[in-house]
Every structure is written in C-alpha cells, then in structure tokens.
Amino acid sequence: MLIGAIIFWLCVFGLFHSYVLYPIILKLVASSKANNQEFYAPKESLPHVSFVMSLYNEEAVILEKLETLLTTDYPSDKFSIYIGSDCSSDATNAMVQQFIEGHSQFHFFPFTQRRGKPSVINDIISQAIADCPSTEEHIVIISDANVMLEPTTVYELAKHFKNSQIGLVDSNIKNPKLKTLTTKGIAASEKSYISREVHIKNLEGRAWGRTMGPLGGCYAIRAELFEPVPANFLVDDFYIAMKVFEKGKLAINELEAVCYEAVPSDINEEFRRKTRISAGNFANLAAFKHLLWPPGSMSFTFLSHKVLRWYGPFFILISYLCLIALAFVYHNQFYLVLFIIETFGLFGIPLLDWLFKKINLNIVIIRYITYFNAMNLALFNGFFKYLKGVQNGIWQPTKRDA
C-alpha cells in the first residue's frame, strides 16, 4: 500500500508543480526583475528584419495578413518579406502574386512540391540570409498567415536585439473577437490557455531569460542563430528556440508586441492539432534532453513548464490505477473518496458537458475541465504517434473560427 500511495502522490505533485506551483515560483522570482532594458529606440539605426511565412491554402486570411504587413511602422528600407507557399492548391498563390505587384519588399516562392512547413521555412530563411548585406545586423521574424500584427509589432520584437545576449523574442498573442467566457465550443478555454501561456512565458523571460518556446504565431530570432529544422519535426518553433539556448543566448517575451489570432471552437479540430503538437514535443524532448542537466534555470524551466506537462497524461493514468488498487485492493476509505472524485473528473464531467451542449447550456468550469481532459488525451495520443515515427512535417492547418 505504501508504494502505491507514494507513486500516487508523486503523480499528483508532478501535475500540481507544473500547473500551480511553478507559476507561483515564477511570479515570486520575476516580481523583482524587469524585462530587458537594453533596446533600440525608434529613432536609432535599427537592424534589418526579414519577415518570413510558410503558407498552405490560406486564401481565407492571406490578404488581411499582407495588408497588416504594409501598415507596419518599421522603416521600409530595413524590412523585407519572404513568403513560401507549400504547394497550395487553392487561390493562395494567385492572391499573393497579385497583391505583391509593385511592392519590392515582397519575395514570393510558390513551391510546386508539398514538403511541410519546416522545409519551406528553412528554404526562405536561407534565401533571406543570403540577400541581407553581411554588414547589417539581421533579425528574422517567423509568423503564421492567420496571425495579424499591429503597426508597432515588428519594432517591439526587433528592439530587444540591441542586447547581444538576446537570441529570441516572442510576441503577445491575443484574441479580441471573443467577448464572453460562455462562448460555445472550446474557444473560451483555448483563449484562457493562450493568455496564461503568454503570462508564464513573459515571467520566464523576466526571471531568467528562459522563455520556454514561443507560441509560434509570431516571434523573432537572430539570423545567425537559426539552424534548419529537420524535415520530420512537427513543432518547428520549439526546435528553433531550443537551439538558441544551446548556443548560450536568452529568450524573452514582449507584451507590447501584440498580435491577434483566432482560436478554435471545435474540440475535434483542436484535438487533432494538439496530437500533432504532442508528437512534435516528444521529438523535441529526445533532441534536447541534455538541457535537463546540469541543474539550473534552463533545466528547471524546461522540466517544470514542458516536460512534466507533456507527461501529464501518464501521471493521470498512473494515479488513477494507484487509486483503484488503494481503494479496492487495500480498502482504504480515503483513497476511495479520491477515486470517486477523479472518476467524476475524468468521465462524469465530460459526460455532463456533452449533455449540456445538447441543450445549449455552456458552464465555464465544466467546459474547462473537459478541455483539460481532451488536451491531455491528445498528449497521450501524440506520444504514440511519435513512437510510430513521423515521416515528414506535413500537416493540415487547423480551422479557427472564433
């Protein structure tokens, strides 16, 4: 019984530390620290920025994205835009080609073979680096087509690279269209997750310069730190960020670098996306497990924010099996109560949420728990997808409609 109880509480602690204790520790450490204070003023000679995007069938959002790039207040002679289309089969290529006529800062590469985002990003960043004069400081901003920028976003990302220790700067992703926490589907839960992640990443940057992977929608990196992403890596942004840490540089989050991104409301779409991300997470863990040692801010942040969370579904499963043994083999009443509570959380609440949706009733806390369960199930599913092997970086974009 003792061994089962110890294993159970270790699993509980792993989840508690990652989701509750770690953010509290971060807040305490970061409370006495400010974000990077060595940055370019708007009137200074700014670094050259190459803005890169990989597209696949983005006809619904691409024109709006291109318009936001033209409204940036970053100096036009320091700003170039590189767009790669991963063999898009809709009107994306034609729309881009028509839009960029007369705009010399745009460089478009309509690839004729579908290879996946990592390969496209590798190619267009290589071209951007080749085009930039070697005498200029060069920053690359990597962004998704559905992430819209404010006019000041590019400057707010680029300004921090005056500090030679800064290797990567992440943006502040928001969703202004979602006004209510009782929105149907999982949109409110996903929005809350993104807001919490941005907050944690900002605290990590302030505390130690260890923002643990950008959200991926829009972030900046020193061009000389970029390393090509392996073709079969599904989470390219995390790979790129960890390579920055490997080279001894820091990563931060800038809250003033505001971007806007729609969030999904369909739990099935988000489950598919989180499964893909999970498979990529475990590939990144295999590639960067050496950064878990020696003990320090790097290993503590990596373990607390990412590794423990990635193993969350295993903690949940093992804790549940331990409760079954403790409650029904050893007949311990305390653990029987915990078994009933966990059973209700894992199965009863999602069932209630499903029933409530049938009558158009959306209860926020129930939806959050359902979302948490589904995303951990996606992590579990992604782990086995990783074990089976990922052959390439090709994936279908998620439908985002909130």
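Every residue gets a Cβ built from N, Cα and C, even glycine.
Marked as domain 'Glycosyltransferase 2-like' by TrEMBL: 50-183. On the 0 to 100 pLDDT scale, the domain 'Glycosyltransferase 2-like' (50-183) averages 93 in the predicted structure.
Here TrEMBL flags 6-25 (among others) as transmembrane segment. Here the transmembrane segment (6-25) has long-range neighbours at 196, 200, 203, 304-305, 308-309, 311-312, 315-316, 318-319, 322-323, 326, 335, meaning same-chain residues at least 6 beyond its ends whose C-beta is under 8 angstroms from one of its own.
What TrEMBL lists as transmembrane segment is 308-328 (among others).
What TrEMBL lists as transmembrane segment is 334-356 (among others).
Among the features that TrEMBL reports, transmembrane segment is placed at 368-387 (among others). Beyond its flanks by at least six residues, the transmembrane segment (368-387) meets 186, 189-190, 192-193, 267, 270-272, 274-283, 310, 312-314, 316-317, 345-346, 349-350, 353 of its own chain at Cβ-Cβ distances under 8 Å.
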